[in-house]
Amino acid sequence: MDLANHGLILLQQLNAQREFGFLCDCTVAIGDVYFKAHKSVLASFSNYFKMLFVHQTSECVRLKPTDIQPDIFSYLLHLMYTGKMAPQLIDPVRLEQGIKFLHAYPLIQEASLASQGAFSHPDQVFPLASSLYGIQIADHQLRQATKIASAPEKLGRDPRPQTSRISQEQVPEASQLSQLTSNLAQVNRTNMTPSDPLQTSLSPELVSTPVPPPPPGEETNLEASSSDEQPASLTIAHVKPSIMKRNGSFPKYYACHLCGRRFTLRSSLREHLQIHTGVPFTSSQQGESRVPLTLCSNAADLGKDAMEVPEAGMISDSELQHISDSPIIDGQQQSETPPPSDIADIDNLEQADQEREVKRRKYECTICGRKFIQKSHWREHMYIHTGKPFKCSTCDKSFCRANQAARHVCLNQSIDTYTMVDKQTLELCTFEEGSQMDNMLVQTNKPYKCNLCDKTFSTPNEVVKHSCQNQNSDVFALDEGRSILLGSGDSEVTEPDHPVLASIKKEQETVLLD
């Protein structure tokens, strides 16, 4: 069972989200105009965006106004979200070019039918309607748009549009010269035909809508006030209330005035300047780069120029992807990656970590030199060298802890079964009384017997605390004296039992005699 108007409700909700910028995961920038949209909707109608989002994860897509104009993209975006033609007159030629650029094949048939039925003069450029749909426009763009409408004579004398530094860096010198000569030729034609200087001096790419000239009195006043400013590349006079100002989420680029490389960090730009000057880069203790006094003026001018944000000539998506993958943009966002002067030495960090780890590991094995953080870990490691201190008298199985020996049950266990405790090992490993729960587990029916004097005790702590005063203690003292003799170097006593030590000592004596 199909629900009525389900698709219409979905389109209305998506369009409302787009106009308010809610849940929009993509921003399309065309010059100074920014469109909020959803990637899924754009990819559904445009193969261009579909392939772009496959290979690019950026949330901002920058397009050139020469590829598709903002009014055309707004018209197509409204058609994608609503399925209806906007109440807006659009040039069919530019509309067809925009559809071909976006590869929006599902919209070709609808746009062609609308253009054939609604437009009888395809060569005429119609004005924009009262609104563009879901866009953002910079504040200076609106101010310059009102001034260009009232200063046609100023525009005729200086027809060069204001372009961003990114587009100027990518265009070769030959293309810039050819564009300059074409603009000069257009200026000459406007001087010869003064009837309509605004429409004939600029190409349709620079001015999308003709604006009627103001009265002569107002023209002179506005011309004097805007003598130091250049005209904008797009004239958009009406926006919707949902349009917001440009925020600081878009990255700023710091461009080198010598080679054109761009950086997102000013410190990276300062380091790059040393390549051109040949002066080695040095950093102070505060982590800030020091530049020679001869470069202060250039660096100051460069910093002012670099603060300008790309405006009219935005790069396309393919060029943006190429720039993001290439090493041209060396710096990253300051919140993600600090400048090189703020990054500490890796060797010093590793050395500090090692010293900190040594302070933490204060329990050291006297035999192999390993260090441990907890005393219990060190004690269990010592049992590797000395042997486990608790042993079952029936099955001769050894245990590290007393509670393990207490829980142990043998198949051949009898009433006479006991746990043999190695007193030497416990004294060497500084056996300590455990928690109350461990003591409850240790107190079992099996007694604990000392391996030196064969005395029986109820807990292993009593075995450690008692003193052996019989023959076995004397034997233990003799064994300790023998170990001391092994270390002192008496070769006559230790030679039959330790031939390896005797041979080493003989070699040392021969070396001393030679």
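Cβ from N, Cα, C; glycine included.
These numbers come from a predicted model, not from an experiment.
Record features, source Swiss-Prot:
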type	residues	note
DOMAIN	24-89	domain 'BTB'
CROSSLNK	LYS147	SUMO2 cross-link
REGION	149-231	region 'Disordered'
CROSSLNK	LYS154	SUMO2 cross-link
COMPBIAS	161-200	compositional bias 'Polar residues'
COMPBIAS	222-231	compositional bias 'Polar residues'
ZN_FING	254-276	zinc finger
MOD_RES	SER341	phosphoserine
CROSSLNK	LYS362	SUMO2 cross-link
ZN_FING	363-385	zinc finger
ZN_FING	390-410	zinc finger
ZN_FING	448-468	zinc finger
CROSSLNK	LYS465	SUMO2 cross-link
CROSSLNK	LYS505	SUMO2 cross-link
CROSSLNK	LYS506	SUMO2 cross-link
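For the zinc finger (448-468), the model's average pLDDT works out to 75. Across the domain 'BTB' (24-89), DSSP classifies residues as 29 helix, 14 strand, 23 coil.
In the zinc finger (448-468), the DSSP tally of helix, strand and coil residues is 6 helix, 5 strand, 10 coil. LYS362 (SUMO2 cross-link) falls within neither a helix nor a strand when secondary structure is assigned with DSSP, and so counts as coil.
Listed in sequence order, LYS371, ILE373 are the same-chain residues at least 6 apart in sequence whose CB falls under 8 Å from the CB of LYS362 (SUMO2 cross-link).
Its Cβ taken as reference, LYS465 (SUMO2 cross-link) is surrounded by 12 other Cβ atoms within 10 Å in the chains shown.
DSSP assignment over the zinc finger (390-410) gives 6 helix, 5 strand, 10 coil. Per-class residue totals from DSSP over the zinc finger (254-276), listed helix then strand then coil: 11 helix, 4 strand, 8 coil.
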